[in-house]
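Asks: Here it is: the structure, laid out below.
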There are 2 protein chains.
Amino acid sequence: MRILSHEIPSAVGQTVTVAGWVHRRRRLAAVSFLILRDRSGLAQIVVKGPQEQLDSLGEETVVEVTGTVAANAQAPGGAEIVEPVITPLTEPAETPPIELWRPTVGAGLPVVLDNAPVALRHPVVRAGWEIAAAALYGFREALNGQGFTEIQTPKIVGTATESGANVFALDYFGGPAYLAQSPQFYKQQLVGVFERVFEVGPVFRAEPHDTVRHLAEYVSLDAEFGFITDHRDVLAVLRSTIAAMLAAVETRAGGALERLGVTVPEIPVDVPVVHFTEALKIAGADPEEPDLAPADERAVGEWALREHGSEFVAVEGYPMVKRPFYTHPQPSDPRWSNSFDLLFRGVELVTGGQRLHRYSEYVAALAVRGESAESPAYSSYLQAFRHGMPPHGGFAIGLERFVARLTKAENVREVTLFPRDLHRLTP
Amino acid sequence: MRILSHEIPSAVGQTVTVAGWVHRRRRLAAVSFLILRDRSGLAQIVVKGPQEQLDSLGEETVVEVTGTVAANAQAPGGAEIVEPVITPLTEPAETPPIELWRPTVGAGLPVVLDNAPVALRHPVVRAGWEIAAAALYGFREALNGQGFTEIQTPKIVGTATESGANVFALDYFGGPAYLAQSPQFYKQQLVGVFERVFEVGPVFRAEPHDTVRHLAEYVSLDAEFGFITDHRDVLAVLRSTIAAMLAAVETRAGGALERLGVTVPEIPVDVPVVHFTEALKIAGADPEEPDLAPADERAVGEWALREHGSEFVAVEGYPMVKRPFYTHPQPSDPRWSNSFDLLFRGVELVTGGQRLHRYSEYVAALAVRGESAESPAYSSYLQAFRHGMPPHGGFAIGLERFVARLTKAENVREVTLFPRDLHRLTP
């Protein structure tokens, strides 16, 4: 019966079996050490006597080790395995392209990405995804606890709806089809069915720019729900969701945080909110600007930290002209919208808001853009609205971007398992 | 403060606010009833006096109702709302293409699918996905509890790896790419990183046949894990996972089961297992047959129910020639494989098994098929094996097929939100 390496310290004096990868071999004059890596951490195994077997077990070879646990203050966790019987479970491994046993990653990002199947084994590289997996757990836990229904919507769609640009086209049984850029239309339709829905799934953007922030395929965490008063209700659910994600990262990926040397921020119960017009003033920007420049966002972030002690701040009321057609206007002044960006450390983390919910509003909003509600691109989507939809809204969190911000990764690819971009389609 | 319809019976004598869709209006001589539908069920609202407002609120209009809760044994849950103030939250809804208030669905499947955004609101149509969502919850809960890490792997891939057939091709920044037919290769690679992984996500098959069982896009529930002895370890994890899925369906989608008139089956702690050669004998089939025909599967299902009182039975040892190249052979006789199908009520539900784990085995297995381990289709995948992989295996559950079997749906499309097939790309 195999135990995990982190269970070794509580088995002193017992005979145990562990299994994992040869992480590192260290030869001293009288003795050698085999450091074994499994999913829970590292184990130290003391090899005395003939060294031939150890010589044959290159790093990354998978082995099973049975031996006796002995206390040793210098070993990881204060215990090690002595008098081991080592059984290889595979043929000897080839030397990895990256030295996985070094505490820091000795290779540049392109080498890491080219060799992802092996590079991801490095405890520091792996940490990014451990945090992502924990965040996914927290996201679902928060929304399941609030009566949301999980949905899974099609990724192959018949029309390039949300925006004709940056969409991947494919051959669908001889006809045209596209990869969904977001589940926006579907999640809204399903508010009409389940009231409160969430989806975790891939979205696709044929992003023609090669930046540290963009991927051609990423994981979108979407939520949408009905019977709201306005976008402030959406912000409240977003706050509790992010709080749950951060808590899950702390409890489920504590080791990964430690390896990366980062801590989880606090999100206040009342996230500070400023109107877009106020944000421009705080940033000292031209009051006619239709959007916040990166420097403006940083200034607003600094303001929130200074005035409210918060690393999070929401900017609401973005100009309608910069928001998608389904955005609900601010009732008191329709130049502005009932939508918001949530900034974290001065950078946009999540976009959300209230949507239009009356069919006549959609007809008008599309007409302004010279489009027809009867067009095949919208007719199915808008069927839900012809037959009664409640006031609703929602938000979308980009998983990789969320983790990159949290871990202060410079490039979103550092925390993506197998990134896809303009130049990368493998591994 | 809104309450849900299922909370009404515990608020007798109080003034409450509910909100939802006008499910049905019923006019009697002296009084009318408004049946309101929300995500928790139906509520009865008694309207006395002038009927003009009720006349204007067509079915599916979204309204908010404030009134007093009164006990009435004839009302749903034994309580109703009297003296209501009704406030429409949308413009009056157009008459739906399907009568959503009827207890059974009065339209054929094509009409239901064409009008999915509205048809899914029918409590019986919606039930299928409620069960699916509960099954997803149980799947993750089971695997999270056993130390699995959730992964999300790319759906755009550079090579049509698993099988060149039935793959969707797309234009990837001017070059060729494909939609992933399964996360098989990625989940195996990531066993080398996390040991135990699962993924819930879309998979794509350009299935040229129009059948009641096939979709061009479906949700695959994948698991893969290392340090196993053989496929029996995989079957044990699969059993506990299905048990958790069934339990979650029962506790989280009990209402949906009731609406569909189905019950959740028992999966025994020890699922009966027969070898492929035995299964042929049970079915009275030619011992040289390389596969089980549908009639053979039914015969094995009947045998398991008769001999073991189980609706589930696993058939192990399928001929290697019928399994993918990464399948591990049966050590005692390499004509057979360490893989299995799990049958439910005489139909295949899940395929799983042990995989090859040595690089040299992959080189040989591909050579037999006239392929090279050095080809771009395999080189990244096999890098994981060159650098040490443990004995491992896994399984994949098709979500829609699982729910269809459970609900005895004749067509998998009945339990899919927005199906994609040879002829259907919308809604």
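Placed from the backbone N, Cα and C atoms, the Cβ positions cover glycine too.
Look at TrEMBL and you will find B:P76 tagged as site 'Important for tRNA non-discrimination'. Sequence annotations record features per position, and here TrEMBL assigns domain 'Aminoacyl-transfer RNA synthetases class-II family profile' to B:139-427. Taken from TrEMBL, the feature L-aspartate binding site covers B:E162, B:R205, B:T351, B:R355. Look at TrEMBL and you will find B:184-187 tagged as region 'Aspartate'. Among the features that TrEMBL reports, ATP binding site is placed at B:R205, B:A206, B:E207, B:R213, B:H214, B:L215, B:E348, B:G398, B:L399, B:E400, B:R401.
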Asks: Just jot down the residues in the same chain as B:L399 (ATP binding site), at least 6 apart in sequence, with C-beta under 8 A of its C-beta; none if empty.
Replies: B:A132, B:A135, B:L136, B:V200, B:Y218, B:V219, B:S220, B:L221
Asks: Whole-number Å only: compute the distance from the Cα of B:R401 (ATP binding site) to the Cα of B:T351 (L-aspartate binding site).
Replies: 12
Asks: What mean pLDDT does the predicted model reach across the region 'Aspartate' (B:184-187)?
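Replies: Value for the region 'Aspartate' (B:184-187), mean pLDDT as a whole number: 97.
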Asks: In angstrom units, rounded to an integer, how far apart are the Cα atoms of B:T351 (L-aspartate binding site) and B:H214 (ATP binding site)?
Replies: 16
Asks: Counting other Cβ atoms within 10 Å, pick out the least crowded of the binding-site residues B:R355, B:R401.
Replies: B:R401
Asks: Which one is it: of the recorded positions B:P76, B:E207, B:H214, B:E348, whose Cα lies the shortest distance from the Cα of B:R355 (L-aspartate binding site)?
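Replies: Answer for the nearest of the recorded positions: B:E348.
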Asks: Express the distance between the Cα positions of B:E207 (ATP binding site) and B:P76 (site 'Important for tRNA non-discrimination') as a whole number of Å.
Replies: 45
Asks: Given B:E348 (ATP binding site) and B:R205 (L-aspartate binding site), what distance in Å do their CA atoms have, once rounded to a whole number?
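Replies: So the alpha carbons of B:E348 (ATP binding site) and B:R205 (L-aspartate binding site) sit roughly 18 Å from each other.
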Asks: Residue counts in helix (H, G, I), strand (E, B) and coil for the region 'Aspartate' (B:184-187), per DSSP?
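Replies: Across the region 'Aspartate' (B:184-187), the residues distribute as 4 helix, 0 strand, 0 coil.
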Asks: Might you list, by sequence position, any residue in that chain lying six or more from B:R205 (L-aspartate binding site) with a Cβ less than 8 Å away from its Cβ?
Replies: B:N166, B:V167, B:Q181, B:H214, B:L215, B:A216, B:E217, B:Y218
Asks: If you pair up every Cα among B:R205, B:A206, B:E207, B:R213, B:H214, B:L215, B:E348, B:G398, B:L399, B:E400, B:R401, the residues annotated as binding ATP, what's the maximum separation in angstrom, rounded to an integer?
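Replies: Overall maximum Cα spacing for these binding residues reaches 21 Å.
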Asks: By a simple count, how many Cβ atoms lie within 10 Å of the Cβ of B:E348 (ATP binding site), its own Cβ left out?
Replies: 17
Asks: For B:P76 (site 'Important for tRNA non-discrimination'), which residues of its chain lie six or more apart in sequence with Cβ-Cβ distance below 8 Å?
Replies: B:S5, B:G41, B:L42, B:A43, B:Q44
